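Feature annotation from Swiss-Prot assigns domain 'EngB-type G' to 25-199. The GTP binding site annotation in Swiss-Prot covers 33-40, 60-64, 78-81, 145-148, 178-180 and is backed by sequence analysis. Sequence annotations record features per position, and here Swiss-Prot assigns Mg(2+) binding site to 40, 62 based on sequence analysis.
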C-alpha cells in the first residue's frame, strides 16, 4: 500500500456540476456532509493546510464541486454542503440534483467520506448519501466530527449507535470519530484513503475521450 503525502494536495478547479468536471479518469474520493459538519476543516486537517478548503462562517456557502489533486490521477472532491435551512428551496434542489448526478454517473468516484456532527448523526440527507453510495457500489467512510464537544463516554455511545445503524445499509460502510481541533482520527482517515487509492482500479481514458 502506498502512503501518499496529503500535504502535497493542491486545488485544481471548481465546477457547478458534473458536466464541467475534467475527464472521468483515475480515482476520486469525495467528501460530503451537511453544511455545518466540519467538512472543510477536515480537509484542511488531513492535508495540514490551513486554507486548502475554505471554511465559511456562513454554512451553505460552498455551492460548487471543488477538486483537489493528491497525486497524479488521485483526487479528493469537496462536494457542496447540504441541508442548510436558510438556503432557498430551489437552490437546495439544484444542489441535490448535482450531488445525485455526481454520485450516480462519475465512474472515477470510488470512495465517499460522509461527515456528520457526532451530536446529530444520520439525518435524512446523510442516510440518502450513504444509500446512493451503496447502491452505486461505492465504499463509504462515515466520520463523526466535532468529537471534542462530547465527553469520552458519550463519544463511545454515539460511535457504537451509528456503527449499529449503518449495518442496515448492507454495504461497505465504516464508521470512525474525528476532531479537527484535537487532530483525532486523522491517521485513520489517511489510512483509509491510502487503502482506497492503492487498491481500487483507476478508470482509464476511453478511445472516444468520454
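Backbone N, Cα and C define each Cβ position, glycine as well.
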Predicted model, mean pLDDT over the domain 'EngB-type G' (25-199): 91
For residue 33 (GTP binding site): intrachain residues, at least 6 apart, with Cβ closer than 8 Å: 39, 81, 82, 114, 115, 116, 126, 145
Chain-internal residues, separated by at least six, CB under 8 A from residue 178 (GTP binding site): 38, 42, 115, 143, 144, 145, 147, 184, 185, 186, 188, 189
Collapsed DSSP category at residue 40 (Mg(2+) binding site): helix
Most Cβ neighbours inside 10 Å, all chains, among the binding-site residues 36, 40: 40
Of 39, 146 (the binding-site residues), the residue whose Cβ has the fewest other Cβ atoms within 10 Å: 146
List of residues, in chain order, with Cβ under 8 A from that of residue 64 (GTP binding site) and at least 6 apart: 14, 15, 16, 80
Cα distance (Å, whole number) from residue 40 (Mg(2+) binding site) to residue 146 (GTP binding site): 13
Number of Cβ atoms other than its own within 10 Å, given for residue 80 (GTP binding site): 25
